[in-house]
Amino acid sequence: MAEKHPKLGIKVNKICCIGAGYVGGPTMATIALKCPHIQVNIVDMNEKRIAAWNTDDLPIYEPGLDQIVKECRGRNLFFSTDVKKGVEEADIIFASVNTPTKKTGIGAGRAADLRYIESVGRTIAEFSNGSKIVIEKSTVPVRTAAALDRVLTAQMETSGTVGKKFWILSNPEFLAEGTAMKDLDAPDRVLIGGPQTPEGQDAMNVLVDIYANWVPRDKILTTNLWSSELSKLVANAFLAQRVSSINSVSRLCERTGADVQEVSR
């Protein structure tokens, strides 16, 4: 029997993640491991990728990921190309798709291409049979949630659908390649941004309660949507700045005879 939220009226024991890539796969596998009472469905239109997730030859490698998938797959972790079914059955939906840099048009070479995240919005609105919490997991520009809300609203108006609500949250990832499973198991922080309304707070608390199954609550931070979206971009910028600074220091050490390992301690 589906467990429903007392205020929002949504099912809280089923999750769907659209996107079976580097972020979606490990994140959902961890949730499935830590929350055996929640059914997690990962859906993707890429048949080859989904087929690989259903074998022992996973499409991505992260230390420890294969053991978790083997333990949870077929129990409460499932991989499928049936996006429609995934959206229909779950009221908590993660959007974990690529946001590459635009190659053409205004902002080419600089701005993010949001076609995939917008496509996810249209898909959710088209196949939804009730209200949903929609969670941005992808790295996106600030105010993408507003654009996603417009897409959801427009698609509902086109289909003549009424009576549905969509609460959009931001839950950026802070994963490093090679340590993703450790980062998910014991994160420095979990950031959740949402609407600053009573229902928005309720929606954020749904996600807080999921993470609280293994993450200390004092490490789960809640903010408004724009702060959450910007925090991920700022974290990326700080990392790039740090790498650039280390490279500069390394060149300076080479010229002066200093040891970069000693200088950076």
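Glycine is treated like the rest: Cβ placed from N, Cα and C.
Record note: TrEMBL gives D44, R49, T139, E177 as NAD(+)-binding, and the candidate from T99, T101, T222 in that site is T99. Going through K102, K103, K132, K232 against TrEMBL, the one listed in the substrate site together with F174, L175, A176, E177 turns out to be K232. Helix, strand and coil counts under DSSP for the domain 'UDP-glucose/GDP-mannose dehydrogenase dimerisation' (226-264) come to 35 helix, 0 strand, 4 coil.
Of all Cα pairs drawn from F174, L175, A176, E177, K232, which the record names as binding substrate, the longest spans 16 Å. Ranked by Cα separation from L175 (substrate binding site), the binding-site residues D44, R49, T99, T139 are led by T139.
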